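Listed features, source Swiss-Prot:
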| type | residues | note |
| --- | --- | --- |
| BINDING | 11, 69, 138, 142, 143, 144, 204, 226 | GTP binding site |
| BINDING | 69 | Mg(2+) binding site |
């Protein structure tokens, strides 16, 4: 069985994680104590992708919950699914990282990291065939970004051949939670580029937009946002957990989605999203799902793919879906919007089908796109970073924890390189022979 070890770090990571486990437990027919009371054999068949079976039919999430302060953990423990998790897997410090990346990465986080790795090791050793790790964190805070990336590199050292998927909540364009967000995010991206295999970029503002515009919620709470994220996370791993005609897993996803090793930052989307009142007025069909899935308003990261081009993308359909219909729709999308796909990758779209839809829906689809327009996101953070860094604002908080200014400069240039790489492949055409013009006469002489 292809097991996944799930690590949630920081406040944001733990809250998204809590929503995710609620979604997954529901799909597998588990109640809030981890006792199975589902209706279908299929729910049990691959339970152990995310759950360990404990004594007397209790299933326990293979989750490691990490934070540098006990507050969020207590909230998770007191929440509706708090009794689900194994108590040993809660690992928290008492000091908090105070939105400071250096604290999470070098001082406070570094003290806690060995404890976390012990638990991760224990969980990994209990697996038959470990597929990889999923990490949820935000890039704006201290723990999720600093300690999350520290864990990422430590786990990478120890399990170099396992997949690393991160769900990273990136800073929003207009709404900022913390002033030093650009610093924390840039330092994190610097790590993610090197150590992650797939990074799914999510941002709160795009989620708010979806909640207000599509789901028609007047004042969405974080719970609603986390629900959207957990729908996508469930969709991405659905093929591991339920049988389907076309399977995909984290590794297949990476092979099909990452044309160049550094360009592994994806946009995600989910369909069908309808407001509660409008359910009865829409038929959920494959064309309808496809249209909504490729709609820029449905993307959960604030960058518009119409400003760039897709290198690759992947669509995962769930439910009773005809294979042929999906293929026709995908071909249709590529032919109609050919300008949005790079022409030097002929078949950009990977599809996966899974027979079991999410709870309460007949069919659904999850979209993952590797678009060059994600550079907007990094550009935006980079501009904010350089504005602050030029004046060395807030820098003493980081240097006080033992960081060097060089690290900031390195992180900044690494992120700028990433942006220019995306730009380069966005502009690349299929017949670029300009570079070889000087050499042409030589061939003629031969």
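The backbone N, Cα and C atoms fix where each Cβ goes, and this holds for glycine too.
What Swiss-Prot annotates, mapped onto the structure for a quick look.
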residue : record           : CB count, 10 Å
11      : GTP binding site : 23
69      : GTP binding site : 19
138     : GTP binding site : 31
142     : GTP binding site : 29
143     : GTP binding site : 35
144     : GTP binding site : 32
204     : GTP binding site : 23
226     : GTP binding site : 24
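For the recorded site, residue 11 (GTP binding site), the DSSP three-state label reads helix. Annotation note: residue 204 (GTP binding site) sits in a helical segment as assigned by DSSP. DSSP gives residue 143 (GTP binding site) a helix state.
Residues 11, 69, 138, 142, 143, 144, 204, 226, recorded as contacting GTP, have a largest CA-CA distance of 23 Å. In the three-state DSSP reading, residue 69 (GTP binding site) counts as coil.
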